[in-house]
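Please read the structure below before turning to the comments.
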Amino acid sequence: MDLRDFYLLAALIACLRLDSAIAQELIYTIREELPENVPIGNIPKDLNISHINAATGTSASLVYRLVSKAGDAPLVKVSSNTGEIFTTSNRIDREKLCAGASYAEENECFFELEVVILPNDFFRLIKIKIIVKDTNDNAPMFPSPVINISIPENTLINSRFPIPSATDPDTGFNGVQHYELLNGQSVFGLDIVETPEGEKWPQLIVQQNLDREQKDTYVMKIKVEDGGTPQKSSTAILQVTVSDVNDNRPVFKESQVEVHIPENAPVGTSVIQLHATDADIGSNAEIRYIFGAQVAPATKRFFALNNTTGLITVQRSLDREETAIHKVTVLASDGSSTPARATVTINVTDVNDNPPNIDLRYIISPINGTVYLSEKDPINTKIALITVSDKDTDVNGKVICFIEREVPFHLKAVYDNQYLLETSSLLDYEGTKEFSFKIVASDSGKPSLNQTALVRVKLEDENDNPPIFSQPVIELSVSENNRRGLYLTTISATDEDSGKNADIVYQLGPNASFFDLDRKTGVLTASRVFDREEQERFIFTVTARDNGTPPLQSQAAVIVTVLDENDNSPKFTHNHFQFFVSENLPKYSTVGVITVTDADAGENKAVTLSILNDNENFVLDPYSGVIKSNVSFDREQQSSYTFDVKAVDGGHPPRSSTAKVTINVMDVNDNSPVVIYPPSNTSFKLVPLSAIPGSVVAEVFAVDIDTGMNAELKYTIVSGNNKGLFRIDPVTGNITLEEKPTPNDVGLHRLVVNISDLGYPKSLHTLVLVFLYVNDTAGNASYIYDLIRRTMETPLDRNIGDSSQPYQNEDYLTIMIAIVAGAMVVIVVIFVTVLVRCRHASRFKAAQRSKQGAEWMSPNQENKQNKKKKRKKRKSPKSSLLNFVTIEESKPDDAVHEPINGTISLPAELEEQSIGRFDWGTAPPSTFKPNSPDLAKHYKSASPQSAFHLKPDTPVSVKKHHVIQELPLDNTFVGGCDTLSKRSSTSSDHFSASECSSQGGFKTKGPLHTRQF
């Protein structure tokens, strides 16, 4: 199967599958020559067309459009709104419309037109056939106004002679109906012969004998009439010439001949050889062939007749499409009056000599030969109605139609020779703006002939493409402290549309108050000065909007990062840092952290710290800000340190700032109370029997070089007051009478007073001996001092009155030895005291107690050393020397050191956690306020106070000393820890044996060794 056969088969299949829903046909019949605006028909009414779409149920206004060829003068018009068909000012002339066609009644004269119904959802193609009925608008006419006929004189009566027939373009009853001979002079009559084709041929009848010699010419008129209303007619002059006699007429062998000749027969081709015979002889037998009067002039132009031979030849190129059948009447005459007649029918056979014809009629009116479509037009948008035809017949006239190349258009067959040009897919102006393609019509002849029609389609842009940014996210960076109006970037978007649809304007979105954007150019500038420390990043949107209808837009995100500049100095969180540390803090301990910030970023934010003026007491980490001590703290030596800290950032140039740092050393309870009064270990106070209860009989006064609660003291009698005769004020240390003394109370009373501080986390204490002599007088002081010396042999946890041997009965020699020994001790104590008081002059404020010290009774030493000692004490009470007497360590198996076991149970008030002036329960355990005037009050001891055990002859650790304080002249035993060791408060008990070896007691015969510091 070749390509031509394939196209033919495709066309046949398309014709069989026509969509009857969109292709319909109407037939109307009208008369020719109707005036303008005569209604012919109503399309929607005649086809019962509904305005409701059956598929969607929607109603629409239908548009009726006549499909016409450019340049044609339409014979009818169609109302676009109503679908009514009317005549136009162009008169319909049937004879002109169907020129050359047969005028038989059965042959209709018609013309066709196409009407489309829009919009596309309601599309229909209506094929309308309008049959034009004849109107008697033409009169019958003879071929010539004068008709000449020659009749021999010997013609018999009733002989007939043909008269050239008249013709009438009208058909049917409006054609030639009647002939009439006028002024026949009774010699001639008229008869009408009707041919099988319906033609009426007039014949002249000889009614009388003729005599050429009497009259050789007869002149008459012949009238022809049609059958129309009104009737039309015409006349011609009929001139009859009487000729000489010729007895025999020629005779054709065949009077009806039909031949076939191809239309491409060359000029000169023989069509047929006619042959006639004549019985006469001589000149009367010479036959001459001529065309009859009824032969159309057009036929005579195509064929030539040899007058002598009767040969008909082609003298002009034939065209079957112009005239397919030629009827030729040939007369054979021998010169007589009656020639022979033969009719030759020449059938011109088809040759594929005509290419197909393409009749392109646009549904969408073109402009300068170009159809304009919108890119938003839907699929199957109708563009044109294409009618293909071929003047050839049969196979040569079978035409197929197709589009030459691949385009978004296709041909849809609606009839066997008509196609709709439609869009086959959605159009995209941005893809292709213009299409130029050929529609090819090809016949099935051999060889096949083609015809093409060029179609130009231009697309009109629709705003169907929003602007597109080259980047959906635009990231920028700009340094802070910029100038206003600084150029940042040019934001650009493209639009694939054209014209105003591609004109883009730019607009800033919200949160873009720091920026300006040129609406046309897209230039983005800074409208303000950026400060990275206030805002490091700006995120906003930019909208690109085109000028289409409706406008389309798109957005892009803009991220502007502000780059840092070193425009901020480091900033300390405080202008003055104050840190509080405990004394005795180990060296290289962390005492605080300096916090500094820099609002800049990167290297500009990298801060390095340094100390400006500290004299290397502290070490500062330059990066973390941690301050560590380079010294050991002792609040008593220096209570605070102040220096400046400098912070420098890493910018270029660098920026710096300074801050002040104060390190406050908080007190730690590392000093035991020091007894000021009584002034001597052998001092006593006289308590007369006349003293009344409540009177102050003695006073105990001690100081603590610590501060705050560590220096708050509490006085308690822990032994020697078994009768409850005395009471000590826990705050002032004043000893008062509880009861009036009785004679049974006369004698020496030894009170063991515990002086403890309220330090945290461990309370320190000191024991002091207070001697009270109850009697009306103290006349023999030496005796009393001897008694005091003897009490030293009594353990502290026993009352001196419990001794088995009264002190009053002691040997006088013992008293004297004690006096001498005391004098020696006083001399040593004076020397040591002077040294110690010089070191601690600023520590003790004893001047206020100097007068009270005078009330205590001391031994009357006559030597000058004692007097010098008393003078020194009066001048400088603050400088009392402290001597610490330590029990000499001895081996446990030493027989000399037999221990005297005794126990002092502390009073219940020592076990209390509060002394009434400070509530430990309300104080935080380990916090302090920097502005508190007494930081030590925030410390609390949670240590229970246990019993104080004194066990004589108990070995004491070398590192843990049992300490007593030696007052001038004589010894007053003091319990507590070594105050010069400044121990850390690791013990949880004020009188813990693990820290203070209070179990040592007194040895009955052991010597006392003085350790001076």
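Glycine residues also receive a Cβ, built from the backbone N, Cα and C atoms like all the rest.
Remember, it's a predicted structure, so these values are computed and weren't measured experimentally.
Over in TrEMBL, the protein carries these features:
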- 866-877: compositional bias 'Basic residues' (COMPBIAS)
- 984-1001: compositional bias 'Polar residues' (COMPBIAS)
- 33-142: domain 'Cadherin' (DOMAIN)
- 143-252: domain 'Cadherin' (DOMAIN)
- 253-358: domain 'Cadherin' (DOMAIN)
- 365-469: domain 'Cadherin' (DOMAIN)
- 470-572: domain 'Cadherin' (DOMAIN)
- 573-675: domain 'Cadherin' (DOMAIN)
- 687-784: domain 'Cadherin' (DOMAIN)
- 812-836: transmembrane segment (TRANSMEM)
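Counting residues of the domain 'Cadherin' (573-675) by DSSP class, helix then strand then coil, yields 4 helix, 48 strand, 51 coil.
Mapped onto DSSP helix, strand and coil, the domain 'Cadherin' (687-784) counts 11 helix, 43 strand, 44 coil. Across all of the domain 'Cadherin' (687-784), the predicted model scores a mean pLDDT of 88.
With DSSP states grouped into helix (H, G, I), strand (E, B) and coil, the domain 'Cadherin' (143-252) comes out at 3 helix, 55 strand, 52 coil. A contact between the domain 'Cadherin' (365-469) and the domain 'Cadherin' (573-675) is absent, since fewer than 3 of their C-beta pairs, 6 or more residues apart, lie under 8 Å.
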